[in-house]
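A quick write-up on the structure given underneath.
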Amino acid sequence: MNLNELLDKLVIKNRPICELGHLANYIPELDRAPKGALGIFITDINGNKYCAGDWNNKFTIQSISKLITLMLAILDNGEDYVFSKVGMEPTGDPFNSIVKLETSNGKKPYNPMINAGAIAVSSMIKGKDAKEKFDRLLDFFKLISEDNTLDVDYKVYCSESETGNRNRSMGYFLKSEGIIDGNVEDALTVYFKQCSIEVTAETLSKIAVFLLNNGRLSTGEEIIPTRVATIIKTLMVTCGMYDNSGEFAIRVGIPSKSGVGGGILSVVPGKMAIGVYAPSLDEKGNPIAGVALLEDLSKELNLTIF
Ligand code: GLN
């Protein structure tokens, strides 16, 4: 069986699992997604492409954007500065949890993959105001995905911004503790916009190719040092699937980052770059059928890194 046939088979097998989850209706616009959708797009190390199911559906990148913003924040400020404001440890708490913020050492968010950490990272993007910061960030997304068409889904952005009170409260807390240096509303605007960038499973696969190539474009040009690509992939393993990262490491064993829009971006070092779309989520906020599909794929092809 070739890889396209295997992917078709696994999409058919796992699609019924979509029914067991729920859409991310805490962001009202995301409640309009097709609950039964499931798709996958793979680019292998030689550039061959394979896909199945709803790989061409559009959705918002959501938390997967945290990886890309972290890359630019490290380029802008250096690794030491970024990690003086945000930790490197998994929390074991939900992605939007506030509980450890006040008790953590130095009031630092535990890691850049939870919302509090990501909002702090968004505040570090250089620029005189939210517009300049976000324009630079969007240009960086376009550069590393080698896709000039990327843009914000403004309906989702407005929906997030109008209902993002929990994220706002974390932003203001971080400001009061000096974790956010600049304007807190600018940081939140950048964060809500980066989460609302519209992608497909193919786009996620393209971004994953950049990590597969350790921060180099298809031309060979180095955009981020290998060290930064390694940091990103390591955080994907330890924190990428929120408080399910441990179980995911055992069941799937592939560095991955999920988003509540239904995306999963996965990198199998030395082998392949994967984008998944499955908007129906489990109780931790991970794409329920997407995780099941990756688990099957990992077992079939022996992709675990461990
Ligand atoms: N924009 C979403 C939020 O802030 C991102 C969360 C996610 O994808 N887990 O809640």
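Each Cβ is built from the backbone N, Cα and C atoms, and glycine gets one as well.
On a predicted model such as this, the values are computed, not experimentally measured, just so you know.
Around the Cβ of SER63 (substrate binding site), the number of neighbouring Cβ atoms within 10 Å comes to 26. Residues annotated as substrate binding site in TrEMBL: SER63, ASN115, GLU160, ASN167, TYR191, TYR242, VAL260.
Listed binding-site residues: ASN167, TYR191, TYR242, VAL260. Those with a CB atom under 6 Å from ligand 1: ASN167, VAL260. For ASN115 (substrate binding site), the Cβ neighbour count at a 10 Å cut-off comes to 22, with all displayed protein chains included.
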